[in-house]
Every structure is written in C-alpha cells, then in structure tokens.
C-alpha cells in the first residue's frame, strides 16, 4: 500500500516538554495528544501513553530516555512534539532534543516547585537557543492551597527571568493526570486547562522563520537499514530544501561522500521534498549502514566543508550552573558537542592567558580529533564526563 502524502497546509512548529524527572512531562505529552485527539479527531491520531516512553527498560524505571517524537494539530498549527528526558545522565539527548525546539513547555510540579533539573533544563534551553518557554504548572489537583501554587508560580517566573527568558510568559495551572484519566476528579476542568495550554502555545510561541533559501543541510541523528531499499538517515532539516533524486554530500567525521536521495519521508508519510524544520528520513543511494553515522551532515554539494581547527568564544559555566569547580589550562581535552555528536578536542589558550575560570567568557583555539562540518557562527557545547561545562560558537575557522 502506498504511503500517505504529507500535507503542508498549516504552519509547522517544533515544541517539546522539558523539566525535572517525575514532574509529569510524559503524562502531559500524552494528555495533550488525547485532548487534541478528542477535539480534532480527523487530524490527530490516538497515541498510547506507553508508546511515548519508547524503550522497555525505561518503562521499568518509569523514566524517558530516548527522545520521543509525536505529532498533533491544533486549529491553527501542525506540531511535532519531543518529550525530552528528565534525567541528568541524559542531558546529552536533551541537547539534541532541545536544539530542535521553536519553543518549550516547562513542566513544574506545583507540589515540588523548581528542582535542580528544572534549573538545568532552563539553562540548557538558553544555551541551545530555544526562543520561548511557557509553563505548565502540573499536579495542581494535589495542592489545596491556592497561595502555595502562587508562590511556586512566582519562583518559576524568577527562574526564567534569571536565565534570560520572559518572566511574564503564560503559566497554566493544570493536572496532566486529571486530563488524561476520564474518571479523575474535576476531569472536565483539567481537560479545559490542557486546551488553555495549547491556546497559549499557539499564541505565545512564534511561528519560526525557517531558512528556506540557504543551501540544504540536515544533521544526522540516526541511521537505519530498510531491507531491500537501502540506508535511511533521520534528523531535522536545519536549513534549505531538498527534492527527491537530488545529489547530496555526507560531510564530517570521515572523508566526504557523494550520494543521491532517492526517497524522503516524515512521520511515515512520503514527501516530494523536505524543507527547514521538517523531521525527516532520507533514503541514500548506494551507501551501507556502516558508511554513515550520527554526527555527520547531509548537505548540498560544495556548501559546507569539514574542519578540525577553529577559534571559539565560550561561556564557561559556574559550579552553581552545573559546571566545573576549578579552572582549566591549555591542553585541556573536553568533548565538543556539535549538532548531534561529541568530538574530543584540545584547547589552546591565547598567549598571556594562563587559565580559564568557571564563569569566564573566553576565546581560545580548539583542535578536534575528527573533522566536523563547520561554519563560522556554529554553536557547540563543551562537555566533560557527561556534563555540560560551557557553551560557545565558532568565531574563526583555522584549518
């Protein structure tokens, strides 16, 4: 049976849920899809809550590890929704997930208020350039004291303000559990709160202006083999557009390879073309599963080149922001997280700079052990032992 065609009728927006583990991100994601399925059944499939927590060991631990993508529509827009992991060891995925957001719903339990990971996620959202955050104050059904809810709300607004987000953003009081379960007390009230949340998302998160006129580039997040058809790479198109049967290059990590895209899919529907902002799978002609890997990019031939040496401007996180406790010196070898992968690099501080302290804004040279598809202005995170210790941008390519 031929797959359905993807219809591009409404503006497309990428959003996601971020926040502390156990504050109800995945439950809220399920509640949103259920409420929208009931309101607009023609355009919204029914998702199973257990589908979102996609790996079996997560279900056992009750935590979301892989980033789960679902799609849904409001009256105004088509959304792709990533349910981001809440656990500190999965911050790396958070970076790949959050980088794909045009806006985020910060989920905070009214019973707890902002916790360590709430702060870390807001900080990461700022680092990776999420433009807008609004708040779902969850578990309001478990707090009788309205004043307590208002105190938590004030605390969340302060946290957003401290990290450069709008403190006057919409804050919706909700209960994801109450909206998800038909027999929950005040079910209708909580269903309405989820509708209010999505109205706020429609109005508050701006429709992104995607870079359609720039040369095509898609960072590879995952690689699959489809038997009898070939190798598929998936990711979110960063810029430009691409039609079926167009030649492309695979750039970074290894020597640059030429291939042709023979099929394009999104959410299991085939497309004639994809464009900036689409979550897409590309079928590559003549390449095997082991010829491509996460961290490479698919790009218009000649538009981007691989480099190993650059000068960067970096903000080094303080201890309180989850960064290092001590300074670093020349020859420090952390990982540099570009788009979808970590590459080890050696730092060389400029002459006259002996060390860089947590909290510093620094400029230094980096030499990577593998080439990355790189341009001036490209952002990266500096990571060490699984923790983000800095964020920066490439100011000058040296080699």
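Each residue's number is its place along the chain shown, starting with 1.
Backbone N, Cα and C define each Cβ position, glycine as well.
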Ranges in play 3-10, 11-18, 19-26, with Swiss-Prot marking region 'G1' at 19-26
What range among 57-61, 62-66, 67-71, 72-76 does Swiss-Prot record as region 'G2'? 62-66
Could you tell me which of the ranges 134-137, 138-141, 142-145 is annotated in Swiss-Prot as region 'G4'? 138-141
From the ranges 79-82, 83-86, 87-90, grab the one Swiss-Prot calls region 'G3'. 83-86
Distance, residue 26 (Mg(2+) binding site) to residue 140 (GTP binding site) (CA atoms, angstrom): 16
Counting other Cβ atoms within 10 Å of each residue's Cβ, which of the binding-site residues 19, 22, 25, 26 comes out lowest? 22
Average pLDDT across the domain 'tr-type G' (10-209), rounded to a whole number: 84
Distance, residue 26 (Mg(2+) binding site) to residue 19 (GTP binding site) (CA atoms, angstrom): 10
If you run through the region 'G1' (19-26) with DSSP, how many residues end up as helix, strand and coil? 2 helix, 1 strand, 5 coil
